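As structure tokens, the structure follows; a few thoughts come after it.
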């Protein structure tokens, strides 16, 4: 992972193609269209007027600048105090009912609303998602530039579509004339490709703009929407469950209560916080609009703490704890047994021959895994990353909760391994036996069967 002080995070491999693709798409729709309109006399109503040229190129200039800022503004970097002092500080400051998460990669407590990005390789303040098209995180500091880029891009696309429409309508009205009186084949193919590119780009970016505007007005990130969906789904599952055998007898009932999203302060306060200023005239300025800055840790402030709306019983309850993980932790990790029940022997589910065959199969898979890694080291960055992403999905061993769109935290750029442990109300919660290297093979087989059974039940 390479981080440039001006260009931000630089992810090798496939992500190197996203930004050039966006640049090529802007050039094609923004400048090839002008070349076509101004050099094809058979495309009526003829070349662009002076006003149309100035308007279109002004929008393109705003688009280029906001895209450059969305790509190059640093998404934020937490500068933590020394680990020993920090742990003591967090220990003293933590409220008795406050949730705090610990990042295993940064070896520090995560501030509220921060997540560890697997591309940027660090915790990002108020992380929304990692955007491959900007090769940067949409975060506390980059959100205003990302929003302006989407806004000016959609305006430019709408203006281009109006220019295309006037010419397409003329072609349609003259469709019964002889072909030699109409536009040339090159003009027809070119304007068709421009229409397809314009429609596809506008459709995708308009949906993204609406989602971003919703995030802006409600002061909620895509990751927090995902966390809220998971929390509501688990609450619904618990309320509809007819049996409490799924939960341990000493499970904390407070963790089963509904937690409201605490950062919605009202639409004007939300938008002012996200844009870094209450001056709404600056919100949409492509130049000079600015954005919020990450505060210093010693002074506190934005990025390290956020104002809450007071809808919950106390501050610091977000994000909602992963109840499934907390349940497993209460049961001693994967040692899945009821109170008073003897632990099952290793050959409870499988006989000796099955265990031996499973061991040999896993040994072969480990060898194949090692050979694959060695091959990836010798491949190009693009192919290597494609194989690495597929390999990562296949070997993580964690199904993870998915929302209605089939998204996991991994899909938003979050490093899920760094999300495993958090300190909830003064106790550490995790998966228990997280290192598979020290777990007996029979236990690993039993885990897989338990996971498969739970997935079938859901």
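Positions of Cβ are set from backbone N, Cα and C atoms, glycine also.
Summarising the environment of residue 131 (active site, S-palmitoyl cysteine intermediate), the number of other Cβ atoms within 10 Å of its Cβ, over all protein chains shown, is 20. Annotated active site, S-palmitoyl cysteine intermediate per TrEMBL: 131, in sequence order.
What TrEMBL records for 98-227 is domain 'Palmitoyltransferase DHHC'. The domain 'Palmitoyltransferase DHHC' (98-227) scores a mean pLDDT of 91 in the predicted structure.
Residues annotated as region 'Disordered' in TrEMBL: 381-408.
Using a Cβ-Cβ cut-off under 8 Å and counting only residues 6 or more beyond its ends in the same chain, the transmembrane segment (16-37) has close neighbours at 43, 47-48, 53, 56-57, 60, 63-64, 67, 71, 132-135, 156-157, 160, 163-164, 167, 187, 190-191, 194, 197-198, 201, 381-382. Annotated transmembrane segment per TrEMBL: 16-37 (among others), in sequence order.
Away from its own ends, the transmembrane segment (145-165) comes close to residues 29-30, 33, 37, 48, 52, 55-56, 59-60, 62-63, 66-67, 69-70, 73, 131, 134, 138, 191, 194-195, 198-199, 201-202, 205-206, 208-209, 212-213, 216, 284-286, 289, 291 of its chain (Cβ-Cβ under 8 Å, at least six residues beyond either end). Among the features that TrEMBL reports, transmembrane segment is placed at 145-165 (among others).
A Cβ distance under 8 Å defines the sequence-distant neighbours of the transmembrane segment (185-210), meaning residues of its chain 6+ beyond its ends; these are 25, 28-29, 32-33, 36, 40, 42-43, 150-151, 153-154, 157-158, 160-161, 164, 167-168, 171. Per TrEMBL, transmembrane segment is recorded for 185-210 (among others).
Under DSSP, residues within the domain 'Palmitoyltransferase DHHC' (98-227) fall into helix, strand and coil as 74 helix, 20 strand, 36 coil.
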